[in-house]
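These come from TrEMBL:
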| type | residues | note |
| --- | --- | --- |
| DOMAIN | 114-178 | domain 'PLEKHM2 PH' |
| DOMAIN | 241-347 | domain 'Nischarin C-terminal PH' |
Amino acid sequence: YPSEFLMQKITEDNQMPVHLHVSVSLQYVAGLKGNALVEFFHGNIAEVENEELRHLMWSSVLFYKTPSVEVMACVLLSTKAVYFLLDDSFIHADECQSDFWNKEDSDCENSSFHLSCCFVLKLNDLQSVNVGLFDQYFRITGHSADHIVTCLTRDSYNTHTFIQQLMAVLSLLARTPSPEPADKDFYSEFGSKNTGKMENYELIHSSRVKFIYPNEEEIGDLAFLMAEKMDGLTNLQSLNILLYVLAFQVNHVEGSAQNASSLQPKTLILTSSDLFLFDEDYISYPLPEFAKEPPKRDKYQLADGRRIRDLDRVLMGYQTYPQALTFVFDDVQNQDLMQNLTLDHFGE
């Protein structure tokens, strides 16, 4: 340890997303390669000496206690814990949560010393991992509200790779095996005898950590919600969800130094007839076991919705990933224009 392959893999994965702002301290981490990266991990992050770094990933993260603050993090998976190396500006983003971080004021504001905070989730404290729709994100749940983190990878490949690495590391944990169920087979364990339907796609790892995947009902609930937003104009059976992707809506900020743009996280859903933008709660659902009351907001809140037939053109940027798309719609105030013309001009 570390093997040549691991060094190369971690160096390749240490690619910071160019479209998201990160602090100087995280830029420093993103500049490290190979052995320097492993040495940095052991010198500054690792909690025990015989810990091995197994995987590195850059991702936006959300914490259960601060559900509205999305922050960039370098996620490091070792044989002992998951480390989230965070931008220190996150501490000041939500003043009411300062007790959550127990940050001491430091006098390094004006020096060349840049601070990062590191959130640690020990593998022994891990209880479940919820994978989001179409592997766009995943939520790691520990034993309390302080130990729930969602990684918004916005990339099914990154999600899949991290889950595979996490399962491999969990296999190394020495945990007492749970007792075998008495005379229970697969169907009685997971299936409902009345309907024969799968209740949940749940995999219980040998380390007793649950890996929970979305079932078909989640897509059904989403289709029902969109049919509701369309005022029942569509038949639920004919409403097909063609695409679900976590994206950003670009808002240009006028009057700033470089006419900068701010990125608003949105869930984009394309159906056979409409294009929707939702504000989605990625951290509160499904409700953790210790939750006393439902979250303050719904899982999906409609931000915008347009009919595909009103789409005039799509403009594509020439930059590499992430690609910018501009959807230009006909600016028609009244959607059912023809129907109203008929009423006005050809009798009551």
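Backbone N, Cα and C define each Cβ position, glycine as well.
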- [ ] Could you give me the DSSP helix, strand and coil counts for the domain 'PLEKHM2 PH' (114-178)?
- [x] 24 helix, 20 strand, 21 coil
TODO: Please average pLDDT over the domain 'PLEKHM2 PH' (114-178) for the predicted structure.
DONE: 91
